[in-house]
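Novice: Before anything else, here's the structure in question.
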Ligand code: GUN
């Protein structure tokens, strides 16, 4: 079993991004600029956005955060997005999800200029991804592809079973793993809460991508010997053991599953760190106009 080390890989790629950001500053007199909008104070979202902003600073990007109370109206949010869309000093704009119930996430996602949609959630970017055209790929799936690439894992011909069909991870990941590309060229099964015989499906996998959001959901009896296991879960539980007061758990029962695998990502220290790298790479690509 080999650990897919998100800490090591993310730090390595961030050094490359920092180099490119320095060259960009030299050439243009400005830094790549990511703007985040955060509504409310959900603990997970607070942590993720703080980490995105901190990592921007680390690689020499400019970052701006606009915070709103949960009482913000949809119209106010759409106005702010329209203003940021027009601002030539902004390369990337993300609105952290989830949003309060009175705000339609579809409207918000479509309001973002697809050329600044570094989360890759806009239907134009998702449509272009389906057709293998240049686009912003959603940050978590992008980070997973970078991780597989970094370890030289050739996924061609493998059976990939994705567990979870979210717009953010499971659905785009299933499309990316099936594309004619490497990583890719897999036969993909996309499973979800209504899948019959889930255990039998997952047992067929050469590569399992677990993105269901449930602690220890993937157990040892679901994993074929030698499988590659990518754990996307970030399940937060209160804990007195850590300084933050929280402990993170993946979707995979790591201790029992890891010995069966050829490669596995830990939580924390795996996919989460790679998500940030995906976002930074998209923001840099937007600044350099390499996609649009
Ligand atoms: N909520 C959970 N993951 C993400 C993400 O990658 N981007 C945004 N905007 N919200 C999220």
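Easy rule for this one: first residue shown is 1, then count along the chain.
Note: Cβ is positioned from N, Cα and C throughout, glycine not excepted.
Take a look at what TrEMBL says about it:
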| type | residues | note |
| --- | --- | --- |
| BINDING | 164, 165, 166, 234 | NADP(+) binding site |
| DOMAIN | 4-119 | domain 'Tetrahydrofolate dehydrogenase/cyclohydrolase catalytic' |
| DOMAIN | 138-289 | domain 'Tetrahydrofolate dehydrogenase/cyclohydrolase NAD(P)-binding' |
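Provide an account of the burial state, proximal residues and distances for the features listed.
Specialist: Under a cutoff of 8 A between CB atoms, and with a sequence separation of 6+ in the same chain, the neighbours of residue 164 (NADP(+) binding site) are 170, 191, 192, 210, 211, 212, 213, 232, 251.
Confidence for the domain 'Tetrahydrofolate dehydrogenase/cyclohydrolase catalytic' (4-119), expressed as mean pLDDT, is 98.
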Novice: Which residues of the same chain, at least 6 positions away in sequence, have a Cβ lying under 8 Å from the Cβ of residue 234 (NADP(+) binding site)?
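Specialist: The list for residue 234 (NADP(+) binding site) reads 44, 248, 250, 267, 268, 272, given in order along the sequence.
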